[in-house]
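Visitor: Shown below is the structure under consideration.
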Amino acid sequence: MGSSSSSLNNVPDGQQLMQETGFSAAHLLRLYERFKFLDKDNRGHLRSEDFEAVPELSENPIGDRIVGAFFLPGQETVDFSSFVRVLAHFRPTEKNRTRAGAQPDPANSRNRKLKFAFRLYDQDRDGKISRIELLQVLREMLGMQVTEEQLQSIADRAIQEADLDKDDAISFDEFRKSLEKVNIDHKMSIRFLE
Amino acid sequence: RGESLTMIEKLEGQSLLRHEDDSEERRLKSDHHEHNEGHSNMSASTGVPIVSFKWHHVEPPYLIALWVLVSFLGKLVIEANHHVTTYIPESALLICLGFLLGGMIWGADKVQTFKLTPTVFFFYLLPQIILDSGYAMPNKLFFTNMGGILIHAIIGTCWNAATLGLSLWGCHKGGAMGDIDIGLLQYLLFGSLLAAVDPVAVIAVFEQVHVNEVLFIMVFGESLLNDGVTVVLFNVFDAFVSLGGGAIDAKEIVKGIISFFVVAFGGSLVGFVFGLLISLLTRCTKNIQIIEPGFIFVLGYLAYLTAEMLSLSAILSVMFCGMCCQKYINSNMDERSVQTVRSALKVFANGSETIIFVFLGISAIDKSIWVWNTGFILLTLFFILVYRFIGVFVLTWMMNRFRLVPISLVDQVIMGYGGLRGAVAYGLAVLLDETRIKEKNLMISTTLIVVYFTVIFQGITMKPLVQWLKVKRAALVELSLIEKVQNKVFDHALIAIEDISGQIGHNYMRDKWRNFEEKWMSWFLLKSSARKKQDRLFNVFHELNLQDAMEYVTEGERRGSLDFIRNENAFVDFKKKFDEDFAEAMPDIMADMAPDEAGASAMRGDPVPSVSLEMHEQNLRGLRQAEEINAHHLLEQHLYKGRKQHRHKFSRSHFSINQDENEVQEIFQRTMRSRLESFKSGKMGVAPPKTITKHTKREQQPKMPNGKNRSYYSGDEDFEFSEGDSASGYDASFPTRVSYRTGAGIENPAFMPDVDPSSPMHIPPWLADAELEVSPVAPSQRAQVRLPWMPGHLHRLSSLRTSPRSGDSVQEGDEQLPPPPPPPPRHDRDDNHL
């Protein structure tokens, strides 16, 4: 794509984002298209209503959480660079290629991916998944299929499994340990189209 | 080995003694018996024979049964030598056993009487293997890697066939094979029959080296799907050969290509339709649970035969049949039936796999098929290996550009090396038409050599290679709830991210499919009761709980204290006494109880997750609070008892009771029974049953202590009784939550006092006595779990949850276990209710 580098200039902070997130110019262009599409009023930033306009998201049990993850704490809007930075978590990890100027811990590293997943639970950002937070997620995901007390015992059991220091909550370290065997790269990456 | 050898000797003795009409042709596993010798050993006496030896009468089935036995015994002997099977795969050993057996038969008969014929192989041995693999197929994994599998199965197989045929032809032209009469088309035909990787051989070898799942599914999926391609290629080239080179024009070639799509997709469609049919049928087999599993076998086989009849790909058909129906039948059918299907399919599949390999070995010991042509055979072997590797590397390289997680070089090597050929190729080779293909025997012997080489040599070296290359192995699957929860979160997160970033990818498609599936397919194909239990997360939870329950049972049995038995007797005595005394006195109650029991047994059909849920709940609490160790103890007792009582009640006339060996069901039954007892006693004390039923139903809800959190509390209360409740819950077709609650109202003896507080007064002394005897088990347990819904206990509940005790305290619990059942909880209960 010869034209991509020239049109990258249209993308705000294009070069810097490429460096930072590892997305190619074509990726960024495409994402910018999408961003502009979501940003119906051309405000240059997205608000949660813009996200909610995506029809499929309303069917997603944890859609709200994902949307929430785009917003930095205390902020009402998302600009393009933070939009891309969040999406960068979902890039597949490169095995052997090391980008020049890549940070030591890029957004698509295992650690960062996990951190992202962890924050989906940890809504109050106290660094722990409490029983109540876990229960909320479970409730959202299992819905009406399971009765409340079954949910509770599932939550109890899940916490019991992961909880190493017995504080009845899952810290990030415990979370990471409990998912040690899971191929995070596999499970938390999507293919971004160019 | 000695045992199986005696068997064989016996068999051969028989075959020598056999009295044969010369013209008669026999089949053993439809093997032709052209050549028979021996003389009559039958009693030709006149008059009424007292005993007559009628070998003829039973010969074909007898021989079949004996061969099956011999193969199985062979497998038994092989598997007994564990140190050998760690180095040499079983399939290779079975082939060698076949050589041995074949040698003996040859030595005895001077002709190979028993051979693997295509009819037997394709009609009687192959279907169950494929059905089993379809049924056990990890669907998600399969469809995730579908693209790669299809590319390898279609393009890879065509590539193998074309290159092998063309290269051999080229070598032939170059004079590497001497004087043989094979044309280009025949070479291509030969290439096409050898092109396909064989599912049977692949399963046999890969099952023993536990490579990672993606690698496995790539090779295995390819081996299954490429059947469609092979069949088409084979048929097309077969037709071309009979047409002769001149008559082939573009039209025929186009027809060949079209027929590929028809055969492959038609076959899959047939399988799909049969899969739906099975799923639908299992929706309504509630009353014939005994033969329920039979439908899967019969319809699966019919799917195979139907596809074969329509000259579509039978393997694809039966595979898709298994894949489509697995989810629905697993949820629709009774858990026992599911177990039956699983194990029966394994028996069939494993059995025929064994037989196939043994007969592949036996078939080799036959002078008449061996035509040696060094150039042809060695070149074939060489080309097969080389082109397989080239194909895999090239195709994977292309694929990796589109794959999220590329397939590593090491995995590619194993994929290439895993290109085992097997009985399918041999079966096709035997099918060749001798009149048109002069060198049929050369082709058969080459095919056999290729099969032996790939299965034996590559099979043996596969494991060291996998170790040497450090191929990523399959992770030991350890169920963990948090992982499952997390996987689900990942799934949803990916879908959401794809939605937000406007990508249409895998997850998007999967989500769409899932929505469709949930909306329509499940509605159409699942029983209403089964729909609820579909959730994967929930299933894991259920399995974990099952494990726990089993551990308790084992633990209880290991400790094997005698008071179990004593309690058991007491309980039974009580029940008997009660029955005797009051069968006449309270006919309406007995009558009323009968439907309950019927309901309970009908309900046993459903695997009841909530049963073990309760166990687990008790487990957790028991673990977390010192005083609840008693509950733990009681729980064990409870489970153990269920089992004992079960044995105790063994009777031929009560098949419905005896048939479930399943631990969970027993536990459930046991609980139901104790519920019934309490129910009876409850009823004894108060007004006539029917009014109570309605009464409780109405009254119970308003009595919940805390109006605001009512759903929570009532939730806990049905937790408390849901072993019993779930009976009505599953039976009834209401939404579950509602029915749970209703159930609690009807069958919950503990609520009787609520309805009529004076009831204890009315309980006759003997009954009170009896209740005391039961109490160590049922009521105190109830009392344990009652804690949550009394407001006064809420703080205790929360403290109990934060309590640092955890899973490893099972042992501790046992050590400090106070033998007598707990008075305090019982006290609790009395406080609350009386």
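Each residue, glycine too, has its Cβ placed from N, Cα and C.
Predicted, not measured: the structure shown is a model, and the values here were computed from it.
According to TrEMBL, the compositional bias 'Basic and acidic residues' annotation covers B:18-38, B:825-834. Taken from TrEMBL, the feature compositional bias 'Polar residues' applies to B:799-809. Under the heading domain 'Cation/H+ exchanger transmembrane', TrEMBL lists B:71-468. What TrEMBL lists as region 'Disordered' is B:18-43, B:682-732, B:796-834. Here TrEMBL flags B:62-78, B:84-108, B:120-137, B:149-172, B:184-206, B:260-281, B:301-323, B:344-365, B:371-397, B:442-460 as transmembrane segment.
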Visitor: Would you mind listing the long-range same-chain contacts of the transmembrane segment (B:260-281), meaning Cβ under 8 Å and 6+ residues beyond its ends?
Guide: 134, 228-229, 231-233, 235-236, 295-296, 299-300, 302-303, 306-307, 310-325, 328-329, 332, 524-526
Visitor: Restricting to CB pairs under 8 Å, which listed stretch, B:84-108, B:149-172, B:301-323, B:344-365, B:442-460, is in contact most with the transmembrane segment (B:371-397)?
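Guide: Against the transmembrane segment (B:371-397), the leading stretch is B:149-172.
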Visitor: So are the transmembrane segment (B:344-365) and the transmembrane segment (B:149-172) touching or not, going by 3+ C-beta pairs under 8 A with a sequence gap of 6 or more?
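Guide: These two segments do not touch.
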Visitor: Take the C-beta pairs under 8 A between the transmembrane segment (B:301-323) and each of B:62-78, B:84-108, B:120-137, B:184-206, B:442-460. Which stretch has the highest count?
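Guide: So the stretch in question is B:120-137.
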Visitor: Have the transmembrane segment (B:120-137) and the transmembrane segment (B:442-460) got at least three CB pairs under 8 Å, pairs 6 or more apart in sequence?
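Guide: Between the transmembrane segment (B:442-460) and the transmembrane segment (B:120-137), which are separate recorded stretches, there is no contact, as judged by 3 or more close Cβ pairs.
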Visitor: Okay, the transmembrane segment (B:84-108) and the transmembrane segment (B:442-460): do they have at least three CB pairs under 8 Å, pairs separated by 6 or more?
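Guide: Yes, the transmembrane segment (B:442-460) contacts the transmembrane segment (B:84-108).
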Visitor: Checking distant contacts: for the transmembrane segment (B:184-206), what same-chain residues at least six beyond its ends satisfy Cβ-Cβ under 8 A?
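Guide: Answer is 89-91, 126, 129-130, 133, 157-158, 160-166, 168-169, 172, 216, 219-220, 222-224, 226-227, 229-230, 233-234, 236-238, 240-241, 245, 315, 353, 356-357, 380, 384, 418-425, 428-429, 432, 437, 439, 443, 446-447, 450-451, 454-455, 458-459, 462.
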